[in-house]
Ligand code: TXA
Ligand code: MG
């Protein structure tokens, strides 16, 4: 059985990691699947248990800015500025990798993605391991990322040594970190997250360009290999309800078939329940407009395990609060208009 580690068990978890075992850890975004970043075999196991394609590199977690020097060959002024402003926090920075770093970690790329998570238990874990830890999201490849420790156990069972249990039931941000690649004067966003383009620009004065998955795919060398792969999906088909849909349109879509699951804000759920009391629909909440990204994966996973055979998810106008949510949702599903 894989073990649950609490605060007082951190030394044991650190010991297991040093011995080459896999231990999942919480972060403020999603749970990561931890392994020692210089252990070839442990890293191999991470790819294996996740079912992750070998050409999709892992990111590395550190407990201090100084520790970046163990992995990166160069730290530019703009990288330094970003680390000082946003770490610990949901920002992964792509650095040129030091020679001699195990090559399966970076999938043979000349770069490595590094971040310092804002989670005291995990920072303490890395401090005790005394070396950076790899930390891809702790889910089976293609599934929604885990935002509760139980999600990690659902995906990996006893294939890993254990998972560190945080004090809060749900991770606070709920979608993965913003990933950035740096040029001398430009910041490229390869994956949007809680650190927004505006925040990156404000802190550095640099121009910030978000590269969509489509743009990354059409380039000669794909900037972030992860964009190639299907992501974030439960097993049932997911249909996205447009932001301007009326209650009549909602009703039309969700009454078109049986065994329907709906993931929407509490406000929308209440309105639908009033209208459609007779239909048995499985509802999962996104809370309020401010919590949609925190609740997205939890909702998709809950519906995945329910009797629902088709899932409808609410979408919103694209703004700072909803941008990362919409990015993940659009890769998990397709527009409800395409439902025939
Ligand atoms: O919030 C997060 O970032 C979580 C938590 C656990 O820290 N981790 C996470 O890791 O989402 P992962 O492996 O699921 O996603 C990392 C993304 C992938 O899309 C990968 O392709 C990209 O970062 N990536 C990794 N190394 C890269 C590199 N050297 N250059 C460009 N993209 C890279
Ligand atoms: Mg992932």
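Just so it is clear, glycine is given a Cβ too, placed from its N, Cα and C backbone atoms.
Under the heading domain 'YrdC-like', TrEMBL lists 7-195.
For residue 61 (L-threonine binding site), the same-chain residues 6+ apart in sequence whose C-beta sits under 8 angstroms from its C-beta are 25, 27, 32, 34, 114, 115, 116, 117, 122, 126, 132, 133, 134, 135. Annotation source TrEMBL lists L-threonine binding site at 29, 61, 115, 177.
Residue 145 (ATP binding site): 26 other CB atoms within 10 A of its CB, across all protein chains. Residues or ranges marked as ATP binding site by TrEMBL: 52, 56, 111, 137, 145, 191, 232.
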Local Cβ density at residue 137 (ATP binding site) - other Cβ atoms counted within 10 Å: 31
Do any of the binding-site residues 29, 61, 111, 177, 232 touch ligand 2, in the sense that the CB is under 6 Å from one of its atoms? none
Could you state the whole-number distance in Å separating the C-alpha atoms of residue 29 (L-threonine binding site) and residue 145 (ATP binding site)? 9
DSSP-derived class (H/G/I helix, E/B strand, else coil) of residue 145 (ATP binding site): coil
Check each residue in the chain of residue 191 (ATP binding site) that is at least six apart in sequence and keep those whose C-beta is under 8 Å from its C-beta; list them in sequence order. 92, 176, 177, 178, 179, 224, 226, 227, 327
